[in-house]
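Asker: Would you mind keeping the following structure in view while I ask a few things?
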Number of protein chains: 2
Amino acid sequence: MTQQVTHQGLDEAVRQSPKKWVYLFSEGNATMRNLLGGKGAGVSEMTNAGLPVPPGFTITTEACNAYYEHQKQFPLGTWDQVLAALHIIETQTGKGFGSRENPLLVSVRSGAKFSMPGMMDTVLNLGINDETVQGLIALTNDERFAYDAYRRFIQMFSKIVLDTDPHDFELVLEHYKNNAGVLTDADIPASDLKQIVGEFKQIAERQSGEPFPTDVFQQLHKAIEAVFSSWNNKRAIDYRNFNRIPHNLGTAVNIQSMVFGNMGNTSGTGVAFTRNPATGEKVLYGEYLLNAQGEDVVAGIRTPSPISRLQQDLPGVYEQFKEIANRLEQHYHDIQDLEFTVEQGRLYMLQTRSAKRNAGAAVKVAVDMVEEGLITPEEAVKRVEPSQVYQLLLPRFEDASKRRAEAEGRLLAKGLNASPGAAYGKAIFDADRAEALGKAGTPVVLVRPETSPDDVHGMLVARGILTARGGATSHAAVVARGLGLPCVAGCEEIRVHEAEHLFRVVGSDVVIHEGEDISIDGATGEVFAGMIKTVEADFANETDLKKLLDWADMFRHLGVWANADYPRDAQRAVAFGAQGIGLCRTEHMFMEPERLPIVQKMILAPTYEERQSALDQLLPFQRSDFKGIFEAMVNPRTGEGYPVVIRLIDPPLHEFLPSYEDLLVEVTRLETLGGHEAELKEKTALLEAIGAIREMNPMLGLRGCRLGLTFPEINVMQTRAILEAAAELAAQGKKLHPKIMIPLVGHVNELKEVRRQLQTVADEIAEKSGGRIDYKFGTMIELPRAALTADKIAREADFFSFGTNDLTQTTFGFSRDDAEGKFLLHYVDGLDVPGLKDKVKILPSNPFQTLDREGVGQLIQMAVEKGRSVNPHLELGICGEHGGDPDSIEFCSEIGLDYVSCSPFRVPIARLAAAQAALSHAEKDR
Amino acid sequence: MTQQVTHQGLDEAVRQSPKKWVYLFSEGNATMRNLLGGKGAGVSEMTNAGLPVPPGFTITTEACNAYYEHQKQFPLGTWDQVLAALHIIETQTGKGFGSRENPLLVSVRSGAKFSMPGMMDTVLNLGINDETVQGLIALTNDERFAYDAYRRFIQMFSKIVLDTDPHDFELVLEHYKNNAGVLTDADIPASDLKQIVGEFKQIAERQSGEPFPTDVFQQLHKAIEAVFSSWNNKRAIDYRNFNRIPHNLGTAVNIQSMVFGNMGNTSGTGVAFTRNPATGEKVLYGEYLLNAQGEDVVAGIRTPSPISRLQQDLPGVYEQFKEIANRLEQHYHDIQDLEFTVEQGRLYMLQTRSAKRNAGAAVKVAVDMVEEGLITPEEAVKRVEPSQVYQLLLPRFEDASKRRAEAEGRLLAKGLNASPGAAYGKAIFDADRAEALGKAGTPVVLVRPETSPDDVHGMLVARGILTARGGATSHAAVVARGLGLPCVAGCEEIRVHEAEHLFRVVGSDVVIHEGEDISIDGATGEVFAGMIKTVEADFANETDLKKLLDWADMFRHLGVWANADYPRDAQRAVAFGAQGIGLCRTEHMFMEPERLPIVQKMILAPTYEERQSALDQLLPFQRSDFKGIFEAMVNPRTGEGYPVVIRLIDPPLHEFLPSYEDLLVEVTRLETLGGHEAELKEKTALLEAIGAIREMNPMLGLRGCRLGLTFPEINVMQTRAILEAAAELAAQGKKLHPKIMIPLVGHVNELKEVRRQLQTVADEIAEKSGGRIDYKFGTMIELPRAALTADKIAREADFFSFGTNDLTQTTFGFSRDDAEGKFLLHYVDGLDVPGLKDKVKILPSNPFQTLDREGVGQLIQMAVEKGRSVNPHLELGICGEHGGDPDSIEFCSEIGLDYVSCSPFRVPIARLAAAQAALSHAEKDR
């Protein structure tokens, strides 16, 4: 090789330019992703590791950016450097670019820092024209091969560089295949291919308005420009927007000498993974085709062989490949996704990159590699996506069963993937009937137009939820996610007819009646008729996952608690590794069928005495509820209990009452009919009582601590229930830490007064039990004013819990119930605007799913700072839905909260996300 | 006088004390209000001005505070200083405290920095006992006078110092009067009085458990202690809370030698004002009684004479008093409220203080005094309460007519004084009928259970509003204040029966049927049957007020704009001195009867085309609306227009649609009846359409710019109407400054996109009209997120207008519609809490009336700073109801807003309040 000499040419070109725009593969390495893109850095690293990589070079991302800054002109010196580098490649390969005798062909590929699949295709075989094709024929002695390469080149170049319609080319190929009576492109005779090349050039000229470039340098120049331009095509911009990739990174361009896998039976091409990306098993996994180019593998005309067969076909190559695969995995400390080509018995590596893998594989490989000593536990923790952990824990359709259902045409409709997991069961259209069947052990899928708190008892026993209306944060979706239940929401392709107990599939005759089996997949939004078997996850047996999460626990600073309203949820949360209950809502307890009538009596009581008597009836229920939760959170061995934050009554009272409108209809009907006087009188009185309680905007009305201040006796009953339950267990030697949370505080005086009222009750019970209960009082920060005046509020609170659902509602002025169905999803997905082709996105993401750092986050940060400034012992957590969202968890970790609290099923996610956040800060601090 | 010598005694006592606790009147002056209280400073000033003041001294407020700091013990040296000062008084008067020969009697009065009327009564005649009463008899030769003074003292001392029940004393007096066959206390014979004194002492002993103190020094000590204690009695604390007076000021105690107005016909007592406090007329105004003590004037048994009569009764005294009154007014530069006593032909001044005066007098006196050279315009501006200006501009009941109504027992009920002013008219129970009658010229008072936007067309033509439900910020109250209409809201003493067109007065048989006359006073909350004539204010003729406001304009930095939706309002606003329209709501225009059906068609349109066609019909209406407003805001002489901020459509759409529930009732009725198929079908379709639009929390739903982004064509039509109207007038040479306001922005992208859509339309029209329209785009800051991200938003806005109504709703999480009726008024007035005697106040004031500086204000300040930091030309105003509230205006001035915008009727208030705010900052800066 004459590297010395030729490097000089490039060095000289660089010297005469403002900047080095071009790097030979031998000049780059894996750390240069910013400059060379992922692909360029990968082949450079392989080149320098001494692996067989066809020589080539990379034009930098900086050149791309400069190209845009200079009105789409190549920045000064770029072309000279390209030519110099190309000359080096010529020297290295012993071939000449545009040479009639021994022509060098190259591939031209884009390659940005982050993989952007489909952003731009590859141009192969560049450098071919009527003259060089002759050289190719002479060299390979294979006219068919040469003309086939030529026509492929024209097709690709036309599509990608000249932006012509590929259809015309296909028509020509069809025509020749018909004439020759053959079925595949590969069977077209060489003589026909020569004619096809001619016709292709004419098509390209007709469509582009210019003769097809025969000058190989012109071909190269145009191909590079096309790659640069592709960075800002709509597809690429959309992709970056969606994946939050910055728009100013630019793409690199890789120019690499071609090798051919289609030069006979000692040639071939394939792809392989260093381990099985579906299972994580440590075995070379992939496939290849002999005598083929990359395209042919994709085309699916011939069936590729599994990679293990290569051992028989080309044993030397196989051994070499296996050794290289192993080296690359050792080198990158991760499963690699490899592309290779064998040209007449010689192996060339074309690409290596980290392999995409499914959830199970991700966890297994990370843990295996730690045990193999390949990576550290820290790296393992960083490498698994929190969402993969979630997927692992959910039931999913058994593959065969689902494939059968698809084959049988049983896919009925698709809705929003509101809560992942798969389920089957009898379609039931009413919560009461669902409850009855569910309790009897029948698998049930609750199907409703939409759900409300009235349906919760049915949801609690259902295997899955299907609604026709409502968005990703509708009641159904939120409750389902909280319960870890699969949910398909807003499935507009079905019409639910409640009264008839059936749903119809829009645009078809299909009707599903109550009691018929259906299956739903909340991860995809699919709804099937009939049963599809599911495979259950079992956390206790997910040993790899448990190992990974144990490592995660070593790194995280954030505590991970769970939101749980029932002992069953609390048990599940502890099993998933929760270290406390961050939110126990007491109102769900009020909804239970045997209690609701008492609750309603309490609400509608005309006097204090009648209200108090209803509350006296509720006290034992609540006490036993809390006892159940506390017991679930006590370590049976040590008797030590995790903290439990219990929120006092919060929702507007109408949620516990019959629907005003249903009653209005009944009363109107009775009035119109006449007679029924006693019933009419009773119903009218109830209608009026509920009417007096009704609110225009219940979300901003009489709820939270306002309710407690208006009816202090409710709070007193709840506090009594909490502490009496704690006292009973404390008497058994258990150590409990109940935390009483006062909701919806906006002014410190609210908290001060409620606390004053309850402190007396609390002190009395605590004293009676000999001071063995460690209870605290705190508040939810869920109104902007609470955050703004957190310094005042913190003086009266032992802890803050950020209620980010409500805080998001009030900070944005969005009612979730209304916003999601009406405009919020359009805000996130993009609005249709007259006169604009593209949708206009208003919000980067749904602020009810991912915490809005700019607005809501600003308030939280303010509250953290103000709160800690006056009360350094203030305990700080978050209990909104965001507590289970990795991006939001990162924020919580950044601002130094003590814990996040999320639904039990998200606890493993949160443990991992919290660890990743801590590791990422540590890195930034380095 | 032996001042020299006796001063030494006090000086010596002070030297031996840690502090000077006692000041002779001759040692104090008017600037020492903090130390000596208002009364002490006043008499000191008079003493030093050489006026005839009975000698005395003041115990300082510091002594009071020290008393509380030392477990309610007199601070060291206090008593010694009191004795020394008393000795000086003895010397000055030639009398002896406790002397049997020539007894000195004193009065003991509290006197804090700020007048707190009724906090503690006065103890007169202190120093009397069985022995000194003999001296008094000997000196005056009037046993009756002496024993009357004695029994009065026992009564007062018992009530105030010993805290006994005054009723028992009254019983004794009744008994003696019956026995003697006389009617008044003054006619009880001297011999009986002597016995009464004996019985009084027994009563006092029985009630207090101790003998009535005969030692005069003990009397004095106890009286001083009682005054100190009175500072922290409940009445005083409540008063200070209500009037926002700090609790740590303490009260001073004034001890003054008694003079007696009841020593014959050359004695007397009276009160007078240096000018008429009802009219401001510059004439001595007041009344007096000969041979009487202060009590007798108050008791009302004898009719006092007007002060002018004193010229005949005691000409020398009258001249001296007149001269003193004049001197005091000159001295204090303000009308004085004077108390005097004449003892045997000798005039003594007992008190001088600034006189309370009514609105008209306040303005007239302030202006007169400037013209007399007594005060500066600046002082005049500082002296008038903004609320007085408002009162001046409202119609009020004619005095005689109201007195007649009261005498005739026509006062029916009292409700909340929701919007001041008085009105009479026919009671009408429906907005449609009110509108019909009102347009025909009949005076109408609209009476409703409560009002909603559906009633606005009726409110627009009514003279006044009366509602049975709803608080001070209910819909009725807010709209009425906006319109400057009298309103009595939440009048729970009436029951409105809509269907029967009548209201009943609770607890009586009185029924008012539709069409009967009623009269309401929104300043007092009174509701009368029948007509009470009103007196209209005429701003154009209020020359004094106009002068005062012109001076105010010289001092203020804040612009004062008005909220006006109709040309009529805009004209009124300009007449009141508004310099622009800060908020023109366009939705009221949609509510007009001939437009509403088109608006409904637009809202319910199933296709873009049908919506566009309805909008095309609305365009000419809106254009002429805006033209009217613009014309009202153009100076007819110069053609120069004031700026007009027009808000694009804001409210949730359901506000324009028929009530869902009414329709539900109709549909149910039709269904139950059967038949009526066509009607049922139509109504059902409408019900479903409205049902689809309905929201759980409309306040936080599809409204504001969300509506504009969902249906851009509405915004486009409105922008077109605004700018086409402006263009028509510009073509006539008028210079217009329309400002288009985009409401409810929470994320900068909303503003950016709406502005982008409208800019095209705007540019097109502006270009057509030759660039003669100076239009701007801006936004309302009415969501916490907008304030938090104001730096982002300000880059896309030419102006910000703080919508503090909505900002208060979202920051607190209060829906006005719900909060006020349910809990907010209790939050402000105090909650009843079981086990507590006193109500618990949660909020210092209603945040919808007075801006909550701590929370909402913090957000505004943040937005001002962030906004200006990126856009120094950003124009900043406020257009919530707070724009007309003096306290909130002070805040706006403090944080440097450019203008406040308020309802037209509040413009004069705002001008004055803004000037006062500016002057108050200037003082602070000094």
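Glycine too: its Cβ is placed from the backbone N, Cα and C atoms.
Below are the features I grabbed from TrEMBL:
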DOMAIN    A:34-71  domain 'Pyruvate phosphate dikinase AMP/ATP-binding'
DOMAIN    A:82-309  domain 'Pyruvate phosphate dikinase AMP/ATP-binding'
DOMAIN    A:319-371  domain 'Pyruvate phosphate dikinase AMP/ATP-binding'
DOMAIN    A:443-525  domain 'PEP-utilising enzyme mobile'
ACT_SITE  A:His475  active site, tele-phosphohistidine intermediate
DOMAIN    A:542-917  domain 'PEP-utilising enzyme C-terminal'
BINDING   A:Arg585, A:Arg647, A:Glu782, A:Gly803, A:Thr804, A:Asn805, A:Asp806  substrate binding site
BINDING   A:Glu782, A:Asp806  Mg(2+) binding site
ACT_SITE  A:Cys879  active site, proton donor
Asker: Helix, strand, coil: count each for the residues of the domain 'PEP-utilising enzyme mobile' (A:443-525), based on DSSP.
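Answerer: Secondary-structure composition of the domain 'PEP-utilising enzyme mobile' (A:443-525): 18 helix, 28 strand, 37 coil.
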Asker: Can you name every residue in this chain, apart from A:Arg585, A:Arg647, A:Glu782, A:Gly803, A:Thr804, A:Asn805, A:Asp806, with its Cβ inside 8 Å of the center of the Cβ atoms of the recorded substrate site?
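Answerer: These residues sit around the substrate site: A:Leu583, A:Asp650, A:Pro743, A:Met780, A:Ser801, A:Phe802, A:Leu807, A:Cys879, A:Gly880.
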Asker: Cα-Cα separation of A:Gly803 (substrate binding site) and A:Cys879 (active site, proton donor), in Å?
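Answerer: Computed Cα spacing between A:Gly803 (substrate binding site) and A:Cys879 (active site, proton donor) is 6 Å.
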Asker: Please list residues from the chain of A:Asp806 (substrate binding site) whose Cβ is under 8 angstroms from its Cβ, counting only those at least six apart in sequence.
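Answerer: Counting only residues 6 or more apart in sequence, the Cβ neighbours of A:Asp806 (substrate binding site) under 8 Å are A:Met699, A:Leu744, A:Met780, A:Glu782, A:Leu783, A:Gly880.
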Asker: Using a 10 Å radius around its CB, how many other CB atoms surround A:Gly803 (substrate binding site)?
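Answerer: If we count other Cβ atoms within 10 Å of A:Gly803 (substrate binding site), we arrive at 25.
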Asker: Cα distance, A:His475 (active site, tele-phosphohistidine intermediate) to A:Thr804 (substrate binding site), nearest Å?
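Answerer: Checking the Cα atoms of A:Thr804 (substrate binding site) and A:His475 (active site, tele-phosphohistidine intermediate) gives a distance of 16 Å.
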Asker: Non-local Cβ contacts of A:Arg647 (substrate binding site) (under 8 Å, 6 or more apart, same chain)?
Answerer: A:Leu583, A:Cys584, A:Arg585, A:Thr586, A:Met741, A:Pro743, A:Met780
Asker: By a simple count, how many Cβ atoms lie within 10 Å of the Cβ of A:Asn805 (substrate binding site), its own Cβ left out?
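Answerer: 16, counting other Cβ atoms within 10 Å of A:Asn805 (substrate binding site).
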Asker: Quick one: pull the CA-CA distance for the residue listed as 'active site, proton donor' versus A:His475 (active site, tele-phosphohistidine intermediate), whole Å only.
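Answerer: On Cα coordinates alone, these residues lie 17 Å apart.
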Asker: Looking only at A:Arg585, A:Arg647, A:Glu782, A:Gly803, A:Thr804, A:Asn805, A:Asp806, the residues listed as binding substrate, what is the longest Cα to Cα distance in Å?
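Answerer: Overall maximum Cα spacing for these binding residues reaches 15 Å.
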Asker: What does DSSP call A:Gly803 (substrate binding site) in the simple three-state scheme?
Answerer: coil
Asker: Roughly how many Å lie between the Cα atoms of A:Asn805 (substrate binding site) and A:His475 (active site, tele-phosphohistidine intermediate), rounded to a whole value?
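Answerer: Their Cα atoms are separated by 13 Å.
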Asker: Can you give the mean pLDDT for the domain 'PEP-utilising enzyme C-terminal' (A:542-917), rounded to a whole number?
Answerer: 93
Asker: So if I draw a 10 Å sphere around the Cβ of A:Thr804 (substrate binding site), how many other Cβ atoms end up inside it?
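Answerer: A:Thr804 (substrate binding site) is surrounded by 29 other Cβ atoms within 10 Å.
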Asker: Quiz question: given the recorded positions A:His475, A:Glu782, which has the greatest number of C-beta atoms lying within 10 angstroms of its own C-beta?
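Answerer: Ranked by Cβ atoms within 10 Å, first place goes to A:Glu782.
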Asker: State the three-class DSSP label for A:Arg585 (substrate binding site), counting H, G and I as helix, E and B as strand, and everything else as coil.
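Answerer: Looking at the DSSP assignment, A:Arg585 (substrate binding site) belongs to a strand.
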Asker: So if I draw a 10 Å sphere around the Cβ of A:Arg585 (substrate binding site), how many other Cβ atoms end up inside it?
Answerer: 21
Asker: Within the domain 'Pyruvate phosphate dikinase AMP/ATP-binding' (A:319-371), how many residues are helix, strand or coil going by DSSP?
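Answerer: Grouping H, G, I as helix and E, B as strand yields 27 helix, 17 strand, 9 coil.
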Asker: Hey, does DSSP put A:Arg647 (substrate binding site) in a helix, a strand, or just coil?
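Answerer: Where A:Arg647 (substrate binding site) sits, the three-state DSSP reduction gives strand.
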